[in-house]
Every structure is written in structure tokens, then in C-alpha cells.
Amino acid sequence: MVRMEYTGLPRIKHVRAFTVRGGGADYHDQGEGHWIDDHIATPMARYPEYRQSRQSFGINALGTLVVEIEAEDGTIGFAVTTGGEPACFLVERHLARFLEGRNPAEYEKIWDQMYFSTQYYGRKGLVVNAISGVDLALWDLLGKLRGEPVHALLGGAVRDELQFYATGSRPDLAKDMGFIGGKMPLHHGPAGGIEGLRKNIAELATMRERVGPDFWLMLDCWMALDVDYATRLALAANEHGLKWIEEAISPDDYWGYAALKRNVPRGMLVTTGEHEATRWGFRMLLEMDCCDILQPDVGWCGGMTELLKISALADAHGKLVVPHGSSVYSYHFVITRHNSPFAEFLMMHPASSEVVPMFHPQLIGEPVPVNGRLRASALDKPGFGVELNRDLPMHRPYAR
Ligand SMILES: C[C@H](O)[C@H](O)[C@@H](O)[C@@H](O)C(=O)O
Ligand SMILES: [Mg+2]
């Protein structure tokens with residue numbers, strides 16, 4: 001038998017970084033009147049001028065980062081995440097050196113060099129968002145070069161379809177659309193006092209009335225609360241069958257999460273992780289028993305290469321990993337892991353009344369759940385199975 005010498009894949013020739021505005025991966029970057037910017041509780045709500053709108057304090061300050069990786073045969077892999085112009089700088093002026101000229105299959109070594117070369121100023125947040133964007137573009141390129149969907153590169157689907165819960169303002173409509181649950185944004189935090197707490201519970205009670213006793217209802221608290229408020233909210237919400245209380249405390253307060261997890265009523269789940277990063281951050285959440293479900297965002301936690309490590313660690317601890325909604329980037333992962341039994345779908349329609357692609361308008365061919373589900377066969381194109389909408393006004397601020 002002739003032994004084929006392994007020469008690797010076509011080398012990486014160019015890495016390019018662009019920013020683009022208006023929804024997409026920076027999905028908080030929406031127009032007026034969208035549910036996602038309507039008096040949602042945040043840590044900034046202690047300042048009255050920043051209470052009504054998260055855009056007022058800059059939740060959409062960054063915009064989307066688009067990373068493109070072109071191989072020497074002309075194949076292009078890409079990915080989108082949150083990061084905007086500063087992330088473009090990091091990609092073109094720092095990270096690109098670890099990719100250009102390399103074999104795209106060496107994603108472990110590339111990830112290691114991207115992380116440890118930026119560790120002195122990175123480790124979480126924007127820097128790891130940029131690393132995640134590069135890593136996801138690399139996996140897209142790998143899939144396109146090998147003619148395989150990313151889920152096949154990750155070991156293949158363990159189920160025939162994905163099921164989704166919906167995040168938005170109308171769990172009642174989500175139930176009618178076939179989703180398995182509805183997660184609502186919390187509208188009032190400690191700054192709203194007991195009155196605000198009562199309003200939170202009234203909103204939950206109204207939705208429980210509309211959806212009946214069995215449909216999952218969850219509250220997303222977006223880092224806004226302290227342990228005392230979160231505990232009182234959980235105790236009051238229990239009679240309305242709250243399934244989980246999400247990201248109630250600051251991501252840095254591991255001790256607060258551990259206390260909240262001890263305080264909530266038996267059977268109610270504590271979840272967090274969308275603003276956590278790397279295997280080391282998630283190890284802290286696991287070893288300090290902070291939560292029941294880990295929710296890394298694959299576009300923010302370090303990318304697919306890191307999510308694989310986080311997921312295996314969580315699995316060893318018997319914990320679920322339900323990634324924060326990140327469109328196809330999480331779908332290709334969730335369908336391959338038993339400890340990821342369902343996925344999040346963020347309702348990006350302004351009134352949560354219609355299913356629209358999560359990263360609209362940036363991804364051409366972006367699949368959406370039908371009746372709350374997505375067949376594995378809908379994810380069978382190479383890479384992440386989507387193309388970049390090149391009609392959008394993209395800007396490459398640090399072209400080389
Ligand atoms: C709905 C929440 O306030 C955030 O906007 C959402 O993006 C995130 O926390 C989520 O879990 O989807
Ligand atoms: Mg959340």
C-alpha cells in the first residue's frame with residue numbers, strides 16, 4: 001500500500017478583520033422599540049439615567065467583529081462575534097501572526113499561542129472574544145477544506161434534531177411556536193426596591209397564567225442583582241414555577257453564586273456563564289458549586305477549541321452546558337454533546353412575535369428553528385454552513 005505522506009491542508013495565507021454595525025453578532029445593536037432594550041435590569045440601573053436603555057450605557061458600543069481566514073487555495077473561512085474595531089486591532093496587529101503560513105488543522109497550537117501571547121492583557125472579555133472569533137473562523141475554514149460540517153469535525157450528532165427554548169418578551173407566543181420554554185429578561189433590579197420586585201413577580205405570574213403549569217419559564221437577570229435580592233426573587237418566583245434564575249450576580253462574584261445556589265428553593269436551577277471565559281473560569285464555577293447549568297457563549301468564551309474543554313470538564317462534574325445563544329456556532333456544538341440537551345434561540349424580532357435569524361442580517365443561509373426544533377440535516381453544509389452577507393457595509397480598520 002502506498003503510504004501517503006501527510007502534508008497537511010493548504011496553508012493560511014491571509015487573516016482579515018472587519019467591523020460591521022446593526023444587529024448580527026452584536027445582537028443588542030438594534031433599533032428603537034426593541035424588547036431587548038426595554039428597561040431591562042442591569043448593574044448600571046443604579047444610575048437613573050442608564051435605567052431605561054442598555055444602549056444608553058453602551059451595550060452595543062463594540063459592534064460586530066468579522067474574522068476572515070483565507071487559505072492559499074482561495075478557500076475562505078469566516079466567523080462573526082462581538083468585538084468591533086478594537087477586536088479588529090487585536091486580530092490584525094497581534095493574533096494574525098500565529099495563523100499566517102500555518103496549517104489550519106493546528107488549531108490547538110494556534111489557540112495556545114493566541115491565548116498565552118495575550119494573557120498579559122487579556123484572559124477574558126474583548127481579547128477572548130477576538131480569540132473566539134479567530135478560532136470559529138478557523139473551524140469554518142477546516143470544515144470547508146475538508147468538505148464537512150463542523151458538527152462532523154466535533155464527533156458527529158448524537159441526536160437527529162435540536163430543541164430550543166426561546167429568549168424574548170413573549171414566552172406565551174414562544175409556546176405557540178413550539179419552543180420548549182421561554183426565558184424573559186428581568187425588568188427591575190435592587191434600584192427598583194420592593195415595588196420593582198413585585199412587578200417582576202407580577203410579570204412572571206401573568207406569563208404563568210398564559211402558558212399553563214408545565215411550560216418552562218426562566219428569568220434572565222443579566223448580572224443585575226445582589227445575593228439578597230436574587231434570593232428574595234427566587235423565593236417569590238417559586239410559586240410560579242420558575243425553572244431557572246439566570247446570571248443573577250456579577251460574573252466575578254463566584255462566592256455570591258455559591259450562596260445563591262444554596263439559598264434558592266429545591267428544584268429551582270441557578271445558571272450562569274455567558275460572560276465567563278476559558279476552561280479556568282468555568283473550572284471556578286464548577287469547583288465552587290456556583291450553578292446547575294453552564295452557559296458559555298462560544299463567541300466569547302474562547303471559541304470552539306475552548307468550549308470543547310469546558311464541556312468535557314462540566315460533563316465530568318455532571319453539569320449541563322447550554323451555550324448562550326450564538327446562532328450556528330452553538331448549534332453545531334450542542335447537537336454533538338449529550339450534556340447539551342437543548343439550545344437557546346434569541347427572538348430578534350422587536351416584539352418577539354416572529355422567528356427571524358438570530359444574527360440577521362449578517363449570515364446568508366442561517367437556519368432557524370421550525371416549531372422550536374432544527375433537524376441535524378439542516379446543519380449539513382461544510383463549515384458552519386453559512387456565508388457572510390457581503391452586501392453589508394463592512395470596514396477593515398487595520399488592513400495590512
Ligand atoms: C435577554 C438578556 O437580557 C440578554 O440580552 C441576553 O442576550 C442574554 O443574557 C441571554 O441569555 O440570551
Ligand atoms: Mg443570559
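Even glycines carry a Cβ here, placed using N, Cα and C.
No curator has checked TrEMBL annotations; they are predicted automatically.
It should be emphasised that the depicted structure is a prediction, and the values quoted were computed from it without experimental measurement.
Feature annotations, courtesy of TrEMBL:
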ACT_SITE  His324  active site, proton acceptor
BINDING   His28, Arg54, Glu344  substrate binding site
BINDING   Asp220, Glu246, Glu274  Mg(2+) binding site
DOMAIN    171-267  domain 'Mandelate racemase/muconate lactonizing enzyme C-terminal'
SITE      Asp297  site 'Increases basicity of active site His'
SITE      Glu344  site 'Transition state stabilizer'
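Here the features listed in TrEMBL are painted onto the structure.
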{"residue": "His28", "record": "substrate binding site", "CB count, 10 Å": "17"}
{"residue": "Arg54", "record": "substrate binding site", "CB count, 10 Å": "22"}
{"residue": "Asp220", "record": "Mg(2+) binding site", "CB count, 10 Å": "23"}
{"residue": "Glu246", "record": "Mg(2+) binding site", "CB count, 10 Å": "26"}
{"residue": "Glu274", "record": "Mg(2+) binding site", "CB count, 10 Å": "22"}
{"residue": "Asp297", "record": "site 'Increases basicity of active site His'", "CB count, 10 Å": "24"}
{"residue": "His324", "record": "active site, proton acceptor", "CB count, 10 Å": "26"}
{"residue": "Glu344", "record": "substrate binding site", "CB count, 10 Å": "22"}
**OP:** Anything from the recorded positions Arg54, Asp220, Asp297, His324 with its Cβ under 6 A from ligand 1? List those in sequence order.
**Re:** Asp220, His324
Original post:
Under 6 Å from ligand 2 by Cβ, which binding-site residues from Arg54, Glu246, Glu344?
Top reply: Glu246
Original post:
Applying the rule Cβ within 8 Å of the centroid of the Cβ atoms of Asp220, Glu246, Glu274, what extra residues of the same chain belong around the Mg(2+) site?
Top reply: Thr167, Lys183, Cys221, Trp222, Glu247, Thr271, Thr272, Gln295, His324
Original post:
Secondary structure at Glu344 (substrate binding site) (DSSP, helix/strand/coil)?
Top reply: strand
Original post:
Can you name the recorded positions among His28, Arg54, Glu246, Glu274, Asp297, Glu344 whose CA is within 10 A of the CA of the residue listed as 'active site, proton acceptor'?
Top reply: Glu274, Asp297, Glu344
**OP:** Please report how many Å separate the Cα atom of Glu344 (substrate binding site) from that of Asp297 (site 'Increases basicity of active site His'), as a whole number.
**Re:** 11
Original post:
For the domain 'Mandelate racemase/muconate lactonizing enzyme C-terminal' (171-267), DSSP counts of helix, strand and coil?
Top reply: 52 helix, 15 strand, 30 coil
Original post:
What subset of the binding-site residues Arg54, Asp220, Glu246, Glu274 lies within 10 angstroms of Asp297 (site 'Increases basicity of active site His'), using C-alpha positions?
Top reply: Glu274
